[in-house]
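Visitor: Handing you this structure, nothing more for now.
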Amino acid sequence: MSDNAQLSGLCDRFRGFYPVVIDVETAGFNAKTDALLEIAAITLKMDEQGWLMPDMTLHFHVEPFAGANLQPEALAFNGIDPSNPLRGAVSEYEALHAIFKMVRKGIKDSGCSRAIMVAHNATFDHSFMMAAAERASLKRNPFHPFVTFDTAALSGLALGQTVLSKACLAAGMEFDGEKAHSALYDTERTAVLFCEIVNRWKRLGGWPLPLPTDK
C-alpha cells in the first residue's frame, strides 16, 4: 500500500477538520439583533476510495429569540411567517443542541478533531450560528470559531460562478428556484456542490498530493 493510499480518510483530507454544511434563514442581516428562523445541517463522509458524499441531515424551524428584530424585507424575501404555528419551531437551544450533538458524534466516529462549517457565503451563516449558540449558552460548540469553507469562493475558482444556483448548474447539478431560500434545500444543494468540487479536484489528480521525490 502506498503512502498516498493512507490519505483517503475524512480525517486526512482537511487537516483533521470535519466538514459540516450549514444554511440558515433569518429575519435580517445582523446576527446579534435579527432572528434566526431556520437552520439545516448536513454532515459529510468519505467512502473507502476517498470520495466525499453527504451523510446525516438535521433541519429545524427556529423560534425568534426574545426581543429579536424581524425585518419585513427579509421575511418577504424568504417567505417565512415566524408566527405560523404550523412551522413547528423550536428554540435556538433545542436546534443547536441537537446539531452540535450530531456533529460531535461525527467528529469522534471519523477520527477528526474539530468541525468546520461549509456554507455559501459562509460568513453570514457562521455569524448567525455562533450568535445563536452564545445566546443559548451552549458551551461545547464543536465548530471552529472563525475558519470556514465558503462554497461561493470555491465555486468561483472551480466553476467560474459565485451564485449558488448558477454554480450548481455549472457543475451539472439540478437547482429548483422554487425551492430556493429553504434552509433544507439550500443546504442539500450546497452539500452536493461542495462534494462535487472536492471530488472533481481528486478526479483531476489534485488529491492526494504527489509524494516528494528526492533529487
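Cβ atoms are placed via backbone N, Cα and C, with glycine included.
Okay, so Swiss-Prot annotates it like this:
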- 20-194: domain 'Exonuclease' (DOMAIN)
- Asp23, Glu25, His181, Asp186: Mg(2+) 2 binding site (BINDING)
- Asp23: Mg(2+) 1 binding site (BINDING)
- Phe29: site 'Important for substrate binding and specificity' (SITE)
- Phe77: site 'Important for substrate binding and specificity' (SITE)
- Phe124: site 'Important for substrate binding and specificity' (SITE)
- Phe146: site 'Important for substrate binding and specificity' (SITE)
- His181: active site, proton donor/acceptor (ACT_SITE)
Visitor: Can you list the residues of the same chain, besides Asp23, Glu25, His181, Asp186, whose Cβ falls within 8 Å of the Mg(2+) 2 site's Cβ centroid?
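Guide: After dropping the recorded site residues, what remains is Val24, Glu38, Ala40, Asn78, Ala180, Ser182, Ala183, Leu184, Tyr185, Thr187.
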Visitor: Mind giving me a neighbour count for Phe77 (site 'Important for substrate binding and specificity')? Other Cβ atoms within 10 Å of its Cβ, every protein chain shown.
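Guide: I count 13 other Cβ atoms within 10 Å of it.
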Visitor: To the nearest Å, how far is the Cα of Phe146 (site 'Important for substrate binding and specificity') from the Cα of Glu25 (Mg(2+) 2 binding site)?
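Guide: Between the alpha carbons of Phe146 (site 'Important for substrate binding and specificity') and Glu25 (Mg(2+) 2 binding site) there are 20 Å.
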Visitor: Measure the Cβ-based neighbour count of His181 (Mg(2+) 2 binding site), defined as the other Cβ atoms within 10 Å of its Cβ.
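Guide: So the number of other Cβ atoms within 10 Å of His181 (Mg(2+) 2 binding site) is 15.
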Visitor: Per residue, counting other C-beta atoms within 10 angstroms of the C-beta, which of the recorded sites Phe29, Phe124 reaches the highest number?
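Guide: Answer by Cβ density within 10 Å: Phe124.
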Visitor: Highest Cβ count within 10 Å among the binding-site residues Asp23, Glu25, Asp186: which residue is it?
Guide: Asp23
